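**Student:** Here it is: the structure, laid out below.
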Amino acid sequence: MASFGFSATGTHVLRPNTTLSSSSDHVRNGSVFGKSIFIKKRKVGDLTISNVATKLPAVVPSPTREGSDEHSLAAWTSVRQERWEGELVVEGEIPLWLKGTYLRNGPGLWHIGEYDFRHLFDGYATLVRLHFENGRLVMGHRQIESEAYKAAKKNNKLCYREFSEAPKTDNFLAYMGDLANLFSGASLTDNANTGVVKLGDGRVVCLTETIKGSIIIDPITLDTLGKFQYSDSLGGLIHSAHPIVTDTEFLTLLPDLVNPGYLVVRMEPGTNERKVIGRVASVEVPLFVTFHFINAYEEKDEDGRVTAIIADCCEHNADTTILDKLRLQNLRSSTGKDVLPDARVGRFIIPFDGSPYGKLEAALDPEEHGKGMDMCSINPAYLGKKYRYTYACGAQRPCNFPNTLTKIDLDEKKAKNWHEEGAVPSEPLFVPRPGATTEDDGVVISMISSKNGEGYALVLDGSAFKEIARAKFPYGLPYGLHGCWVPKN
Ligand SMILES: CC1=C(/C=C/C(C)=C\C=C\C(C)=C\C=C\C=C(C)\C=C\C=O)C(C)(C)CCC1
Ligand SMILES: [Fe+2]
């Protein structure tokens, strides 16, 4: 009995004029849960793609399990099989300049055997790949082979602590052992399910909030290549899984438990060594709740002197109940109910005049984006600079989760919203057009869960914020968190 519920053969959605290769291209490629995956490799134009037909036990989550049935939103239902790859049929036109791969990571498998996880963040890392080239689109998805995931498969039970889940202990002694392992970090997960970044040296690393949950993957095959082993002696158990990554540096925060605060660390491309470059000094600001900062930059006066730091974030009105709303039972049961707590683009104004107080205000009227706001991106060329546009998920009420894609103009204080009734979009990633001279010249990529249980990739024009292409997935995929763009060089 396979430990994970997967469906039968992966179906392949192919463009009308392509044919599958001969069976001689079948490559038996390892096995998942004792079953075989057959991969057919073939050339389509200059795209090498493989169609993965998985012969796995047809164990589909029961209607009562995970609240799933063939018509429920796939966003909150476990990914139906370990992996799939194939070319999708594109409706509309993908710009020929769009050449590269959008990788999106997220917690897409929310059960083990008969046990269903409680929280969105608990799921095992599911990596989705959208490769754009010559106006065509190849999609793939695959589980990340963390120690936590492999142990769960092998033992058919939770073996490491996840966000809201802890392994069951049989007795008090085992409980004390688990507690000791918590403080040593041994029982903390390496389930790298939160984000994925491309380092300046080309390595692609999946991340979660635990340092040991830094895992290198192959951006083409989605193979798990191994742990990203930091070579410094900074130690610690957790870090921010939301680093700043450019072609020249990787910056993140390490909590300093000895001298309360955060260390700012920097790692250069081609190395695994993080170096401390500073600490986070602080001023007092109003209470706030955020998961994600959008951008920050120096505000200067007419003489070029820095007068303040402006830092924008997706701010939940200092209300922590958003975490409870992200419990899977709530996400599955409250579809269509207007229970999503309000959120806004929170703008911090941190003064440089020595004042110990900073301000927090809404950067625009939250009604512009339905008082929903999270999962944001910007044009990476404007990182750390004064900018005008951010792309995020907003709300069209009534809703229990952000259900629009939203382009926010911070100068005009206006928003443009894309919405499909009953659908849930994941984080919109802005990809600038090579050679672009304006901030919003590019495309926005997202993955959509439709209300009928299906799913598709969506490409919007970054300026008009109108749909230019979509491509349906072979089946609905679970919700995902953060992604990155890996240009085809
Ligand atoms: C936070 C810690 C841990 C784990 C964190 C994990 C696994 C994921 C965190 C994901 C987050 C913060 C996602 C936020 C999404 C926000 C959304 C979709 C908001 C929508 C609102 O409208 C460990 C690994 C358990 C360690 C301790 C700390
Ligand atoms: Fe995040």
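Using N, Cα and C of the backbone, Cβ positions are placed for all residues, glycine too.
Pulled these from TrEMBL:
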type    : residues               : note
BINDING : His242, His292, His482 : Fe cation binding site
**Student:** Between the binding-site residues His242, His292, His482, whose Cβ has more other Cβ atoms within 10 Å than any of the rest?
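**Tutor:** Ranked by Cβ atoms within 10 Å, first place goes to His482.
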**Student:** Taking 8 Å from the centroid of the Cβ atoms of His242, His292, His482 as the cut-off, which other residues in that chain fall inside it around the Fe cation site?
**Tutor:** Thr194, Gly195, Ala241, Phe291, Phe293, Met375, Leu481
**Student:** Hey, does DSSP put His242 (Fe cation binding site) in a helix, a strand, or just coil?
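**Tutor:** For His242 (Fe cation binding site) - judged by DSSP and reduced to three states - the answer is coil.
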